[in-house]
């Protein structure tokens, strides 16, 4: 009797077969489709087409300008005063300014020797150079290894300082800020920043510093990244395609037209006075480098990007204009800095979250400050707000995900909604082709790159919304994992058949991650 009372009695009217449930869902779908789904989807198509046109116009504009720059623009060494610094028999090295090298790192077991060694081998008078290793590592073993490496170079006569902090407040921005406060850094005029996986060429400072010395209006000289592991896997090839467009087109166009571009956070030389005037390093977002660049630009400073830098003893061919950033290019060997791309999807996803969330959050914090600024021209404000931030950092991510991954597939289920062929085919094709100009060798990988970008658009859109809304993970900072030359060591060990299994064990990727 108790068992009967616990039974659930279902009315006969609700006891439907599977076919009946399917019919009910079909009726419900038809009931809501016409008055609700179709209008909403049509609105979505219109909004996405507008965003697509904005991105299309931006890409075409950039393409036209980069062609004009390549063909007709004067090279930076022709527009600005560039004279090689020479050692004088009488005055010695006094003509060389004091330069501080900052190498921030965090548990960089695999790459710390590469970056410290490259910085120690820079061709610059030893008495005019200070290398500062800012180690925020939490692993005591790694901290000891880094400190011993610094001591090894110090024993060779290199002025290298090993600095640690009690906490990681401010992450990278906090470490750089604390480094500039050291007493031995006060006499330095310029600071070059290299992340732990970056390896500058020995002549880097001799080719970059003269622009700052001879042009007091220049605040930043930015070098280009060269990826040492671009051929490691398909993931790194896809990243190379996106970043090469950024360096080949976006940075150079911004430098040539408005003397403004986003500092890449590494491989650049700053005038310390410009950093101080702009308010110093701030940790309010995860893109402290872009934050500093925007604030410095609003105070009238200009930047230079070094794509290819011809080392010539030139006098200025144009009158110097107040406070400028420069972007350099010519026919000598390119001034590039070796770096490493994330070779695992997990590491790349964390990096992209930071790179997408940070700019959106910075846009939210600074848009009104840019609007109210009276030191820069109106059209430069338009460029920074609309082109640099809104289209590239927000629209580009959202239209890729919302239009191509959500709206277009839904139109298949709702044939009443039509998408014009120019919006579904022509515009995306032109945008894709223009994006590939930076890496011609990978043109055959465009199909895979499209799929890759669509997958990443979900993560980037989510991160962008988090930044705009200042949601939970807005200030999340996960240091990108680096392998250095570990994979090469593994390959060599496999060839020599010595401890290959032990070498592979640490960096074998899990099946789920694959």
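Yeah, the Cβs are placed from backbone N, Cα and C, and that goes for glycine too.
Predicted-model confidence for the domain 'Glycosyltransferase 2-like' (190-413) is 85, expressed as mean pLDDT. According to TrEMBL, the domain 'Glycosyltransferase 2-like' annotation covers 190-413.
Summarising the annotation, TrEMBL assigns transmembrane segment to 36-69 (among others).
Same-chain neighbours of the transmembrane segment (382-414): 33, 37-38, 41, 44-45, 48, 51-52, 54-55, 58, 61, 250, 254, 257-258, 260, 262, 294, 297, 356, 359-360, 362-363, 367, 370-371, 424, 428, 453-454, 457-458, 460-461, 463-464, 468, counting only residues six or more beyond its ends whose CB sits under 8 Å from a CB of the stretch. Marked as transmembrane segment by TrEMBL: 382-414 (among others).
Residues annotated as transmembrane segment in TrEMBL: 426-452 (among others).
Counting residues 6+ beyond its ends, the transmembrane segment (426-452) has Cβ neighbours under 8 Å at 52-53, 55-56, 59-60, 62-63, 234-235, 237-238, 240-249, 404 in the same chain.
Below 8 angstroms of C-beta separation, residues 248-250, 252-253, 256-257, 387, 391-392, 395-396, 398-399, 402-403, 406-407, 410-411, 414, 416-417, 419-420, 423, 427-428, 430-431, 434-435, 437 of the same chain, each at least six residues beyond the ends of the transmembrane segment (36-69), sit close to that stretch.
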